[in-house]
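First up is the structure itself, then whatever we jot down about it.
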Amino acid sequence: MLLRIANVFSREETARIRVALEQAAWQDGRVTAGYQSAKAKHNLQLAEDDPLAREIAEAMLQRLWQHPQFMSAALPSKVFPPLFNCYTAGGEFGYHIDNAVRQVRNSAERVRTDLSATLFFSDPDEYDGGDLVIQDTYGTQRVKFAAGDMVLYPSTSLHKVEPVTRGARLASFFWIQSLVREDAQRTLLYEMDQAIQQLTADVPDHPSLVQLTGTYHNLLRRWVEV
């Protein structure tokens, strides 16, 4: 399931973050890539211990843990601390699949990468190229969302970032370990949860809502890993 999570940050918040990122100390992005991925990666990145990166990452996680759509779709167990990248002057990242497990810096904690996420801080009209191209079961998907919006997709997906030929593409990227590791199961649970929420708004007293909600939780209980 590929999903757009809209308005994680408002336009005003995104503009302030973008100004701060434009003045940040960027470094070679290959430092966080695996052996194979490093061959295809040509971008800039903030150091994981950069104070600005940590500040924005903390704000992102606070916002996401309160975002109903994200919580419903991702069913997060662990979230790898968000990283930040910049593509400019021909920067690109060729086709690759994200590493299955990520080690949190200066920690024994490991995160299984069930879901990948990119939160955009540049609007599409601010740069040319830079499309996130994702190959999934429905074919090739091209993603270039508004600043403040986020894309969520399975980490098993082959994907790339096309060369940026004008301007700069600023974004955050990170990974989620879900309580439910299989994408098909997460998708079914998400669709059922969305239907329950809509029915609750439309016919809040319908007796079938209790049964449907019970079925959701019984499926979650069957598939969840805690």
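Cβ from N, Cα, C; glycine included.
Sequence annotations record features per position, and here Swiss-Prot assigns Fe cation binding site to HIS96, ASP98, HIS159 based on sequence analysis.
The 2-oxoglutarate binding site annotation in Swiss-Prot covers ARG169 and rests on sequence analysis. Mapped onto three states, the DSSP output places ARG169 (2-oxoglutarate binding site) in strand. Within the same chain, residues at least 6 positions away in sequence whose Cβ sits under 8 Å from that of ARG169 (2-oxoglutarate binding site) are CYS86, TYR87, THR88, GLY91, PHE120, SER122, GLU126, TYR127, GLY130, VAL161.
The domain 'Fe2OG dioxygenase' feature in Swiss-Prot is assigned to 78-178. Summarised by DSSP class, the composition of the domain 'Fe2OG dioxygenase' (78-178) is 3 helix, 62 strand, 36 coil.
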Tell me, roughly as an integer, the mean pLDDT over the domain 'Fe2OG dioxygenase' (78-178). 97
The number of other Cβ atoms within 10 Å of the Cβ of ASP98 (Fe cation binding site), counted over all protein chains shown, is 20
Under 8 Å by Cβ from HIS159 (Fe cation binding site), counting only residues of that chain that are 6 or more apart: TYR95, HIS96, ILE97, SER116, LEU132, VAL133, ILE134, GLN135, TYR153
